[in-house]
Amino acid sequence: MASAICISLLVVVALASAASAQLSATFYDTSCPRAMSIIKSAVTAAVNSEPRMGASLLRLHFHDCFVQGCDASVLLSGNEQDAAPNKDSLRGFGVIDNIKTQIEAVCNQTVSCADILTVAARDSVVALGGPSWSVPLGRRDSTGASAALALSDLPPFTASLQELVDAFAKKGLSVTDMVALSGAHTIGQAQCSTFRGRIYNETNIDSAFATQRQANCPRTSGDMNLAPLDTTTANAFDNAYYTNLLSNKGLLHSDQVLFNNGSTDNTVRNFASNAAAFSSAFATAMVNMGNIAPKTGTNGQIRLSCSKVNS
């Protein structure tokens with residue numbers, strides 16, 4: 001029995017290794033050597049024009065990977081885009097479309113939208129002063145999307161710590177990955193409707209911080225009014241998100257649960273006191289997230305337009 005279990009585990013590990021081995025940082029070196037520079041230039045220009053766009057592109061990648069894997073399903077018009085976690089809040093589609101148009105002009109039907117989105121997320125972090133990492137490439141694009149899976153698999157802003165742990169574990173991501181990826185909230189903004197409940201009803205919140213946020217988020221109106229997720233350095237990718245949590249200044253309920261006398265408190269303290277530790281963990285977690293169920297080989301397709309499947 002024990003040997004059978006060991007063999008089963010070896011098979012699982014081998015399959016996981018085979019899946020990730022199909023992705024390679026050098027995948028386009030020969031077939032489209034200009035792809036990476038085109039993505040970087042476009043992302044840098046977009047973020048320089050509007051710093052919030054960096055957070056939007058990073059979020060787009062996260063919302064893609066958590067729904068049927070990193071396959072650009074979130075870029076297809078309708079479907080996932082219209083699901084509650086995404087509707088009226090996902091942004092950056094135009095930036096990705098612009099990149100795709102430029103790449104198609106030099107390498108026809110070669111670079112997937114899924115890979116463009118993955119690299120754009122990395123380049124967004126770099127453009128805002130965060131760490132860089134080597135992005136494994138070779139994903140292909142899905143031919144479908146699922147609003148139902150967007151509802152079930154994307155952790156909500158009301159999530160408890162255990163719900164977050166479970167949602168990330170479902171995707172093969174560790175608790176450390178979860179806490180590190182939550183640090184993406186060191187950039188970007190949130191709509192009033194996502195933090196109203198916290199600033200008016202919760203007690204584990206700095207009172208001056210709550211009052212400050214209430215000024216632009218009334219009890220009964222202003223659902224789409226924006227507030228920075230990190231009020232300290234809103235447009236810099238750093239570890240201030242975690243120091244904010246130590247002061248009970250997490251904007252979303254799902255932020256502050258990471259530091260609320262729970263099992264992740266020490267990880268938050270570590271990232272708050274050690275920027276290098278956060279940067280390293282974040283880069284590792286981004287690669288791990290990018291490896292969620294990629295379509296490779298003959299699965300999926302290379303879309304000509306990111307918003308629709310090939311006819």
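These residue numbers are counts, starting from 1, taken along the chain as shown.
Glycine is no exception: its Cβ is also placed from the backbone N, Cα and C atoms.
Among the features that TrEMBL reports, active site, proton acceptor is placed at His63. TrEMBL lists Asp64, Val67, Gly69, Asp71, Ser73, Glu80 with the feature Ca(2+) 1 binding site. What TrEMBL records for Pro155 is substrate binding site. Among the features that TrEMBL reports, heme b binding site is placed at His185. Summarising the annotation, TrEMBL assigns Ca(2+) 2 binding site to Thr186, Asp230, Thr233, Asp238. For Cys32-Cys107, Cys65-Cys70, Cys113-Cys306, Cys192-Cys217, the entry in TrEMBL reads disulfide bond. The domain 'Plant heme peroxidase family profile' annotation in TrEMBL covers 22-310. The signal peptide feature in TrEMBL is assigned to 1-21. Positions annotated as site 'Transition state stabilizer' by TrEMBL: Arg59.
Annotation for Thr233 (Ca(2+) 2 binding site): spatial neighbours Thr186, Ala240, criterion Cβ-Cβ under 8 Å with sequence separation of six or more.
Taking the binding-site residues Asp64, Asp71, Asp238 in turn, the residue surrounded by the fewest other Cβ atoms inside 10 Å of its Cβ turns out to be Asp238. Relative to Asp64 (Ca(2+) 1 binding site), the recorded positions with Cα atoms inside 10 Å are Cys70, the candidates having been Cys32, Cys70, Cys107, His185, Cys217, Cys306. When the alpha carbons of Asp230 (Ca(2+) 2 binding site) and Cys217 (disulfide bond) are compared, the span between them is 16 angstrom. Cys65 (disulfide bond) sits 15 Å from Cys306 (disulfide bond), taking the CA atoms of both as reference points. Here the C-alpha separation of Cys70 (disulfide bond) and Pro155 (substrate binding site) works out to 16 Å. The recorded positions near Glu80 (Ca(2+) 1 binding site), taking a 10 angstroms Cα-Cα threshold over the set Cys113, Pro155, Cys306, amount to none. Cβ environment of Cys107 (disulfide bond): Tyr28, Ser31, Cys32, Arg34, Ala35 lie under 8 Å away, each six or more residues apart in the same chain.
You'll find the Cα of Ser73 (Ca(2+) 1 binding site) roughly 29 Å from the Cα of Asp238 (Ca(2+) 2 binding site).
Residue density at Cys192 (disulfide bond): 19 other Cβ atoms are found within 10 A of its Cβ, drawing on all protein chains shown. Cys306 (disulfide bond) is surrounded by 22 other CB atoms, counting those within 10 A of its CB over all protein chains shown.
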